[in-house]
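Enquirer: Once you've had a glance at the structure underneath, I'll fire off some questions.
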Amino acid sequence: MKRITLIRPDDWHIHLRDGAALQTTVPHAAHQFARAIVMPNLRPPVTTTGSARAYRERILAAVPAGLAFEPLMTLYLTDNTTAEEIRAARDSGIVHGVKLYPAGATTNSDSGVTDLERVYPALEAMAETGLPLLVHGEVTGPEVDIFDRELRFIEDRLAPLLQRYPGLRVVLEHITTRDAVEFVRAAPESVAATITAHHLLLNRNHMLVGGIRPHHYCLPVLKRETHRQALVEAATSGEPRFFLGTDSAPHAREDKESACGCAGMYTAPSAIELYAEAFDAAGALDRLEDFASRFGPAFYGLPVNGDTITLEQTDWELPTSYPFGDTSVVPLRAGATVHWRRV
Ligand SMILES: NC(=O)N[C@@H](CC(=O)O)C(=O)O
Ligand SMILES: [Zn+2]
Ligand SMILES: [Zn+2]
């Protein structure tokens, strides 16, 4: 039986939600990962260090006894974020990034940035202090096809932004296209990208062929197979600027299985196993540890974790759903087989 031991991984992009949902999301994350970059798109969003500190306490209160889990907090960038707020965040030691959601791009992004010019003072402070900008890289104009929104963001928004702030540290989150891979490769070393397990495993046929599958709908939306292949190639390349970020994004079952379903896949319960499947399929299991456990800490200037996890190639079935507050959440692979398992 194939087995692999890794330095304990971290998740550099997760949605834990809030309130009762934390009782589900935090244990799932903490069983997998030592640390996670926690996205701030709550309602209302986490826009200040004070609210990040309070959210961090609520997360820590949901960590199961006996597990160590460190939430790495982020602020939600708005048109009104000041340079002082950025400096306070940096000085706090608990905030590790600032998230740019173009207004209207994704779940709970209506308080997002309407025009990059409005956040120049905040970006300047980030470039000065080295606090990374974490980017949901999609434009939102109704005239732009949903499959082109990442590329348009890169060319029309991100490239000029990096010209203006060459020192700015940027993580292009949950990349989905060959174009994004090429952009990161050509960009300065201060630019990196996270890649999800679902974008390594699925293409848009998995969402649309044989019936529309709301649990395979996320943003940026799944792309064609050639893009998936480019992502696998990047993730398994050993290049340190591509690292693990699950973008695990739970929504209540009824909000997904709906005439207007929410975007997001819940991958936290079996995230590292799903990555192992993708790396194994590419014949690159020996590259998983760097991607999952070393490159993220290196980018964020943090030490690698001191303990390990072991995975073995065994089939097991994921539950069809998990409790989620007073409702339920359907994970990716619900009721189906996962081919790797933590031991
Ligand atoms: N990825 C998603 O499809 N959804 C995320 C938001 C995001 O990361 O864009 C969510 O918060 O639900
Ligand atoms: Zn996003
Ligand atoms: Zn996300």
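Note: Cβ is positioned from N, Cα and C throughout, glycine not excepted.
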Enquirer: Report the candidate from His136, His215 that shares the Zn(2+) 2 site with Lys99, His174, as recorded in TrEMBL.
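Expert: That Zn(2+) 2 site, as TrEMBL gives it, pairs Lys99, His174 with His136.
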Enquirer: Of Asn41, Asn203, Asn305, which one shares the substrate site with His15, Leu16, Arg17, His136, Leu219, His251, Ala263 in TrEMBL?
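Expert: Of Asn41, Asn203, Asn305, Asn41 joins His15, Leu16, Arg17, His136, Leu219, His251, Ala263 in the substrate site that TrEMBL records.
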Enquirer: According to TrEMBL, His13, His15, Lys99 bind Zn(2+) 1; which one of Asp247, Asp255, Asp280, Asp286 is listed for that same site?
Expert: Asp247
Enquirer: Can you tell me the three-state DSSP label for His13 (Zn(2+) 1 binding site)?
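Expert: In the DSSP reduction, His13 (Zn(2+) 1 binding site) maps to strand.
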Enquirer: Specify the count of other C-beta atoms within 10 Å of the C-beta of His13 (Zn(2+) 1 binding site).
Expert: 27
Enquirer: Nearest to His174 (Zn(2+) 2 binding site) by Cα distance: which of the binding-site residues His13, His15, Lys99 is it?
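Expert: Given the candidates His13, His15, Lys99, the nearest one is His13.
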Enquirer: Between the Cα atoms of His136 (Zn(2+) 2 binding site) and Lys99 (Zn(2+) 1 binding site), what distance do you get, rounded to the nearest Å?
Expert: 8
